[in-house]
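Q: Straight from TrEMBL, here's the annotation block:
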{"type": "BINDING", "residues": "Arg30, Asp86, Glu87, Ser88, Lys128, Gly142, Asp143, His221, Ser222", "note": "substrate binding site"}
{"type": "MOD_RES", "residues": "Ser34", "note": "phosphoserine"}
{"type": "BINDING", "residues": "His99, His124, Asp125, His195, His221, Asp254", "note": "Fe cation binding site"}
Amino acid sequence: MRIVNIGPDPSLAYRPNLEKSEAKEKTDYRNFESGSLFDRVFNTYSLMHTHQTLEFVKRKYSEWTRCTHTEMRMMEAVMSLDQLVDESDPDVDFPNSFHAFQTAEGIRRDHPDKDWFQLVGLIHDVGKIMALWDEPQWAVVGDTFPVGCKFQNSIVFRDKTFTDNPDEKNPTYNTEHGIYKPNCGLDHVLMSWGHDEYLYRVLKFNKCLIPEEGLYMIRFHSFYPWHAHGDYMNLCNDKDLRMLPWVKEFNKYDLYTKTTDLPDVNELKPYYQSLIDKYCPGTLK
């Protein structure tokens with residue numbers, strides 16, 4: 001099945017210098033039209049776009065945001081991602097823990113003075129641990145989008161995968177604002193459930209010390225319709241717009257540090273453990 005492309009990915013403009021990497025060309029990232037992983041990716045998004053309804057999202061918020069599933073240290077959570085290969089990712093087919101260190105090291109290279117930013121690079125995908133606790137990947141990984149209002153065209157596979165989502169046919173939910181007020185702020189918008197919101201909630205619940213800019217990166221880094229395509233601006237308030245450049249800055253390291261040149265994790269762990277001890281110390285719920 002050939003999916004109609006929605007046009008060039010605007011986030012190309014925010015990519016870091018990739019000339020040092022011969023493994024992948026700039027135009028090869030986020031290919032949702034073809035490739036060896038296409039069938040896996042398309043199936044994951046099909047399930048996501050069928051089942052991620054307003055009712056489903058509310059149920060998941062209630063289930064996960066009480067942080068009662070376990071207690072563990074942050075580095076332990078990062079390393080547990082050795083067991084996970086993201087089924088929504090068209091770019092890589094190796095465990096997510098390597099991606100964590102690749103992202104962090106890219107940020108460390110360009111932002112040596114922002115240790116909290118480096119830590120965000122390391123931990124941003126830790127919410128995917130839900131998949132190791134039997135949550136299906138379509139409710140954990142992939143691009144996110146608001147529920148309770150119109151599904152915008154910039155959502156990946158928008159024209160093929162929402163047919164069986166009951167919210168698509170609900171007149172209350174399929175207008176530009178849906179259940180929300182104009183410029184209500186993203187803090188008041190329910191996003192499709194996934195690892196972004198879950199980790200954000202875990203960090204807030206445990207009173208971690210990451211600055212607001214870093215929390216925005218974590219909470220909205222998968223919200224591509226917003227930070228890469230400019231959709232849903234009608235729901236944003238002034239704070240969201242101030243934080244958008246930070247999310248975009250993070251985005252280029254999240255995506256475009258992915259290469260098959262895997263880092264030496266054991267060599268890097270002591271440095272990043274020191275950042276964890278500073279911002280997310282001890283055992284977390």
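Glycine is no exception: its Cβ is also placed from the backbone N, Cα and C atoms.
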Q: For Asp143 (substrate binding site), which of the binding-site residues His124, Asp125, His195 has the nearest Cα in space?
A: His195
Q: Which whole-number value in Å describes the distance between the Cα atoms of Asp254 (Fe cation binding site) and Lys128 (substrate binding site)?
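A: Answer for this pair: 15 Å between alpha carbons.
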Q: Can you give me the residues near the recorded Fe cation site, meaning same chain, not His99, His124, Asp125, His195, His221, Asp254 themselves, Cβ no more than 8 Å from the center of the site's Cβ atoms?
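A: My list of surrounding residues reads Ala100, Thr103, Lys128, Asp196, Ile218, Ser222.
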Q: How many other Cβ atoms are found within 10 Å of the Cβ atom of His99 (Fe cation binding site), counting all protein chains shown?
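A: Around the Cβ of His99 (Fe cation binding site), 25 other Cβ atoms lie within 10 Å.
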Q: For a quick check of understanding: among the binding-site residues Asp125, Asp143, Asp254, which residue's Cβ has the most other Cβ atoms within 10 Å?
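A: Sorting the candidates by Cβ neighbours within 10 Å, the top entry is Asp125.
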Q: Can you tell me which binding-site residues out of His99, His195, His221 are within 10 A of Lys128 (substrate binding site) by Cα, answering none if there aren't any?
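A: Hits: His195.
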Q: Just to verify a number: CA distance, Asp125 (Fe cation binding site) to Ser222 (substrate binding site), in angstrom, no decimals.
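A: Between the alpha carbons of Asp125 (Fe cation binding site) and Ser222 (substrate binding site) there are 10 Å.
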